[in-house]
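Q: Take a look at what Swiss-Prot says about it:
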type	residues	note
BINDING	Gly575, Pro576, Ser577, Gly578, Val579, Gly580, Lys581, Lys582	ATP binding site
COMPBIAS	353-371	compositional bias 'Basic residues'
COMPBIAS	372-384	compositional bias 'Basic and acidic residues'
COMPBIAS	464-482	compositional bias 'Basic residues'
DOMAIN	207-236	domain 'IQ'
REGION	349-384	region 'Disordered'
REGION	459-487	region 'Disordered'
Amino acid sequence: MSNAMYNKMWHQTQEALGALLDKEPQKMIEPQRNQVFIFQTLATFYVKYVQIFRNLENVYDQFVHPQKRILIRKVLDGVMGRILELKNEMVELELTEFHYFDDILQDLKLAPQQLDIPIPKYFLKEKLEVIKGREKILAQILADSGIDTSDMKYPVKSIPFDEAVKLIQIAERARQGRLRALFMKQIYLQEYRAKQSKMLGKKVTDTWAAALRIQKVWRRFHQRKETEKLREEEMIFLGMNPPPLFNEVSATVIQAEKVDRLRNEVQIKHEEDYREALVTIKNDLKLIEGVDIKENLQDQIRHWFIECRNLTGTFPDYPDVEEGGSAIIFSDKTIQQVIEDIIANQEEEEKNKKKKKKKEKQPKKAKKQKKGTKEKNKEEDEKWKMSPSLFLPAMKEGCNAYKEIWMKKDESWNFSQDYDPELIKEEKRKELQSEIRIQVDELMRQELKNLKLAVDRERERPVKAGKKKDKKGKKGKKKEKKAKKDKDLTADRTIESLYKELVEEGLLIQALKVNLSDYIGEYSYLGTTLRQVSIEPMPSLLDVRQLITLYGIWPLGSAAVHEKAPLVKSLLLAGPSGVGKKMLVHAICTETGANLFNLSSSNIAGKYPGKNGLQMMLHAVFKVARQLQPSVVWIEDTEKTFYKKVPNAEKMNEPKRLKKHLPQILKLLKPDDRILIVGTTRRPFDAELQSFCKVYQKIILVPRPDYASRYVLWKQIIERNGGVLTSALNVSCLAKVTDGFTQGHIVEVVKGVLTDQRIRRQIHKPLTAVEFITAITSMNPVYKEEEESFKNWYAKTPLGKKRALAITGGSTEKAKDKGKRK
């Protein structure tokens with residue numbers, strides 16, 4: 001798209017955001033009791049903000065104007081934070097992590113795909129060089145230490161020599177047997193043909209009948225092919241089948257990607273020009289306007305001295321540097337306005353003195369209204385009220401800046417969308433004024449002292465420094481105490497050396513290149529409908545994917561969002577094996593460029609022994625994680641860290657080493673630290689629930705795929721592995737039959753069936769569902785009993801308990817009321 005098209009999209013999005021910001025205070029200020037109405041309001045705002053975010057993210061990625069991008073980035077971070085705040089409000093209201101918006105999407109006439117939350121591309125673009133440099137260092141350390149990750153991708157099992165000889169012998173005998181069978185088949189066919197020729201003898205064939213038979217066979221074959229072709233064309237026309245070149249990359253897509261690359265190059269060039277212009281324009285302004293600004297400021301301050309002297313009879317006290325100096329007096333005000341403020345302040349002081357005298361004379365009122373106010377407060381507490389937002393002011397400020405500067409700005413001269421020098425001049429003029437003001441304040445303070453000595457004959461009163469010194473001394477002692485508590489165990493070591501040590505010990509590992517979009521799934525289309533009938537639906541895979549984006553990727557990717565948004569320090573992914581928990585952890589690191597630290601009990605076994613060693617390990621890990629943030633600390637099979645009873649086979653590994661330290665680590669993590677602790681578990685019921693839930697702030701239950709997700713999975717995984725989907729392959733049948741099997745099972749089966757030989761034979765022998773079904777029968781699915789055990793465990797978690805009480809609470813309260821009436 002062109003610059004004009006992206007500008008139009010931006011203007012439309014800003015208008016939609018402005019309208020939404022005007023509506024939000026009206027809806028949220030009034031307290032409400034109706035939970036359904038509250039959720040509908042929150043969900044509607046959530047869906048609309050997601051639409052705005054999708055458009056803004058696209059615009060920010062493709063805009064080449066550097067000054068517009070700064071404003072859009074500010075608004076974009078604000079929208080992201082607001083979405084997270086609304087999500088947090090919905091979780092607190094409905095007491096569940098999963099929400100369904102199918103009815104709202106229907107009302108707003110939106111497709112489910114429009115609710116998909118994208119990951120901003122600037123997360124990786126802005127630190128691409130840093131990530132590449134870090135990857136090179138990591139690869140170099142791994143190569144020097146003899147740990148090659150490329151060999152680890154395809155592990156090879158060692159086989160004894162005798163077994164290897166037997167395998168070769170079996171394969172050779174099988175090959176010879178196949179050749180022998182083929183030779184015997186050819187002999188049999190020769191003998192059969194000879195017998196047939198003897199039986200028929202020298203019978204003269206009827207050429208007319210032979211021609212008719214050939215025609216009949218040919219016409220049948222030709223008509224069958226023609227019918228198949230017509231049926232395929234009809235299915236393509238109806239949209240039931242994809243067109244023949246559907247999976248191939250079209251020329252339009254290639255051209256669009258090329259344009260994107262060119263826009264990125266222009267973006268970088270304009271950004272460099274803008275940074276250079278910031279320096280040059282400021283220097284030019286300093287030379288041209290610096291002297292005039294200084295003289296004007298001095299004249300204003302002198303005029304203020306004289307006016308204050310005329311009004312009050314004495315010269316004013318000059319504001320301190322800490323207060324802001326003369327900037328407080330003349331902040332967006334003329335000299336006349338400053339004089340009016342002085343008069344108004346004097347009048348207010350006189351009024352306040354009179355009021356104080358009246359209050360002293362009046363008797364104190366009795367405290368009769370306390371009970372009534374308490375009852376009112378209780379009623380207000382029962383009503384739901386939206387908590388104040390930390391991101392709305394930033395969004396409103398961005399919208400106001402857009403209206404003031406860009407809404408009606410004529411940019412016909414700026415076809416290339418380069419920086420606007422006039423805007424830079426306005427900005428730098430303010431900076432220059434504040435810098436010169438500091439120098440002027442020093443001069444004018446001295447001038448004011450001289451005036452006071454000359455006119456009023458006042459001298460400076462000496463400041464008593466004794467108390468201040470004592471206070472400073474006390475503060476110093478407090479700092480010393482804090483320093484003792486936060487003692488740096490590795491003060492004599494560099495971050496590079498600690499980084500190298502952690503890599504060599506296997507605690508800092510290389511994340512696999514997996515995008516979150518590779519986590520395939522489908523939407524839950526009947527979530528709201530099922531909840532209306534009091535049936536709790538199982539979340540779909542795309543619901544899980546959205547939670548990973550909101551709780552993991554967005555806060556780690558954006559520092560502005562992480563500082564103000566509801567803080568998520570730890571995340572637990574619980575689910576049966578094969579549902580993609582490990583893949584999601586690696587996807588978080590890939591999408592944000594985060595470091596991956598592996599603190600699994602199996603990985604830290606035998607490393608850094610003893611209490612001091614463990615303390616040193618955790619200190620080194622989190623010191624590097626803070627310095628090179630964002631960082632993800634992964635604890636695989638985290639239930640082992642919180643075992644109820646450690647199995648005898650695992651006692652030597654000390655799996656519970658981190659149990660006491662994890663809560664302490666979480667307390668030390670601040671909003672500035674973009675560090676996320678992620679735990680994965682396939683047996684959460686083996687852990688102590690109380691300590692488990694204390695450590696993990698957000699618990700996400702990753703389910704096995706439903707029918708819709710399995711249907712999409714089979715199609716995409718078969719195509720990715722070189723398979724061709726034809727009418728002979730009934731994907732719907734595959735999806736139904738494989739109920740209970742996970743993504744891991746499906747991937748394993750597809751890779752096993754689609755060998756190089758089978759892919760080559762697809763032209764003559766298309767794929768069928770039977771091939772995949774026979775391969776998957778040897779695997780164990782996730783049975784209903786296992787799924788129920790996960791549901792029962794989740795119901796015992798704090799959020800699960802609250803949800804259960806909220807569902808059953810209404811009926812119990814009614815029963816209590818009836819009992820009281822009787």
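Numbers run from 1 along the shown chain.
From the backbone N, Cα and C atoms, a Cβ is placed for every residue, glycine too.
Context for these features, please: burial, neighbours, distances.
A: Counting only same-chain residues at least 6 apart in sequence, those with a Cβ under 8 Å from the Cβ of Gly578 (ATP binding site) are Thr742, Gln743, Gly744, His745, Val782.
In the predicted structure, the domain 'IQ' (207-236) carries a mean pLDDT of 92.
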Q: Relative to the Cβ of Lys581 (ATP binding site), which residues of the same chain, six or more apart in sequence, are found under 8 Å away?
A: Leu573, Ala574, Gly575, Thr680, Thr681, Arg682, Val702
Q: At a 10 A cut-off on CB-CB distances, which of the binding-site residues Pro576, Gly580 has the highest count?
A: Gly580
Q: Determine, for the ATP site, the additional residues of the same chain whose CB lies within 8 Å of the mean position of the CB atoms of Gly575, Pro576, Ser577, Gly578, Val579, Gly580, Lys581, Lys582; present them in sequence order.
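A: Here the non-site neighbours turn out to be Thr680, Arg682, Val702, Thr742, Gln743, Gly744.
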Q: Sequence gap of 6 or more, Cβ distance under 8 Å: name the residues on the same chain that satisfy this around Lys582 (ATP binding site), in order along the sequence.
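A: Expected: Glu636, Thr680.
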Q: Sequence gap of 6 or more, Cβ distance under 8 Å: name the residues on the same chain that satisfy this around Val579 (ATP binding site), in order along the sequence.
A: Val702, Pro703, Arg704, Pro705, Thr742, Gln743, Gly744
Q: Just counting, how many other CB atoms are there within 10 A of the CB of Gly575 (ATP binding site)?
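A: Gly575 (ATP binding site) is surrounded by 23 other Cβ atoms within 10 Å.
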Q: List the same-chain residues at least 6 positions away in sequence whose Cβ sits under 8 Å from the Cβ of Ser577 (ATP binding site), in sequence order, or say none.
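A: Those within reach of Ser577 (ATP binding site), by Cβ under 8 Å and sequence separation of 6 or more, are Arg682, Thr742, Gly744.
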Q: How would DSSP class Gly580 (ATP binding site) in three states?
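A: DSSP call for Gly580 (ATP binding site): coil, neither helix nor strand.
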